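Comments concern the structure below.
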Amino acid sequence: MAQKAPGVITCKAAVVWELGGPVVLEEIRVDPPKASEVRIKMLCASLCHTDVLCTKGFPIPLFPRIPGHEGVGVIESVGKDAKGLKPGDIVMPLYLGECGQCLNCKTGKTNLCHVYPPSFSGLMNDGTSRMSIARTGESIYHFASCSTWTEYAVADCNYVLKINPKISYPHASFLSCGFTTGFGATWRETQVSKGSSVAVFGIGTVGLGVIKGAQLQGASKIIGVDVNQYKAAKGKVFGMTDFINPKDHPDKSVSELVKELTHGLGVDHCFECTGVPSLLNEALEASKIGIGTVVPIGAGGEASVAINSLILFSGRTLKFTAFGGVRTQSDLPVIIDKCLNKEIQLDELLTHEIHLDNIQEAFEILKKPDCVKILIKF
């Protein structure tokens, strides 16, 4: 049980002490929220592949730090300037915000707000941390403006979304990054149209989000590509029409296999969800000449990727994305509503559950072929 001291909460959190080190449970102190901040009691969290990269120093090697950027919680306390939020509200901590007033927000064309962009400094807006090791007082870096693998977290209110409390908390956690990123890429970033063709490289949580988004947008052919045969069944549940396991065709490239299913033309939209650098060129080659669009979504931890410019000269478009282009205040509630009315069903995402006390086990579970999403309980 977390113990409260005046103004400070002592609780448990998962901490990474060094580059490539294990995630260990520590007792930490969580300061009260400052002016525009809220302190959140986490109800559940989940594991995203980016959290694995976090332990390896992505995007900046800051240690010690608390990983986790997916989760849902209830506000415990608020700063004096945290408008629109109050104790008891169910919220998602997020890694980007939406002011609604900056040039980017007013265009309606992007979710990358000038005022509340993604931040990976590991610190709050005033340049300090709200978390420290209880036994030593050493400051702990935040991750992606949130750090959700802790019983209590502090976030700026502009990076928090108050959500409908009727939604399943595990589902809300899955929507706070992975699934929404894939879904949004088809809806907000590329506007997949009715009758179009789509290829999805990597059928994890992000890839399944792409598949469901493409289905709801009316795509007629949705090709899933994965070396894990288990993902074929998962993809079908979310709307995939065709499945390719490259291991079954060692003499052919992925792009060749995709073209075989599209009369030699390739697809209108290809979404690269693995983060494997070499697959980006394959994704480009798998898209149609002149009109094909490729969206890299997977985070692979590579600082740079070599792209065959000759493929781009053939009129294909390469479009990068953050959070699938989904605006946190304007669009994310729409996706939540789709879940509440069963237009989107996320039960099939949840394959494993662990308690925060056993957080290191999650990294081994993630390697299992039947693992899609791991729920972290507190």
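A Cβ is built for glycine as well, from the same backbone N, Cα and C atoms used for every other residue.
The model shown is predicted, which means the values in this text are computed figures rather than measured ones.
What Swiss-Prot says about this protein:
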BINDING   C48, H69, C177  Zn(2+) 1 binding site
BINDING   49-53, 202-207, D226, K231, 274-276, 297-299, 321-323  NAD(+) binding site
BINDING   C99, C102, C105, C113  Zn(2+) 2 binding site
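C48 (Zn(2+) 1 binding site) sits 9 Å from V206 (NAD(+) binding site), taking the CA atoms of both as reference points.
Reported as a whole number, the C-alpha separation between C102 (Zn(2+) 2 binding site) and F323 (NAD(+) binding site) equals 19 Å. Highest local Cβ density among the binding-site residues V52, C99, C105, I203 belongs to I203, counted as other Cβ atoms within 10 Å over all protein chains shown. You'll find the Cα of V206 (NAD(+) binding site) roughly 9 Å from the Cα of C177 (Zn(2+) 1 binding site). Sequence-ordered, the extra residues of this chain that approach the Zn(2+) 2 site, with Cβ no more than 8 Å from the Cβ center of C99, C102, C105, C113, are G97, E98, G100, Q101, L103, N104, K106, H114, V115, Y116. The record gives C48, H69, C177 for Zn(2+) 1. Within 8 Å of the mean position of their Cβ atoms, the other Cβ atoms in that chain belong to S46, T50, D51, G68, E70, Y95, A144, S176, G178. Within the set of binding-site residues H69, C99, C105, C113, C177, the entry lying nearest in space to I203 (NAD(+) binding site) is C177 (CA atoms). Taking the Cβ of F323 (NAD(+) binding site) as centre and 10 Å as the limit, one finds 24 other Cβ atoms among all the protein chains shown. Of the binding-site residues C102, C113, V276, C113 has the largest number of other Cβ atoms within 10 Å of its own Cβ.
Counting only same-chain residues six or more apart in sequence, the Cβ atoms lying under 8 angstroms from the Cβ of C177 (Zn(2+) 1 binding site) belong to C48, T50, H69, E70, Y95, F323. Nearest by CA distance to H49 (NAD(+) binding site), out of the binding-site residues C99, C105, C113, is C113.
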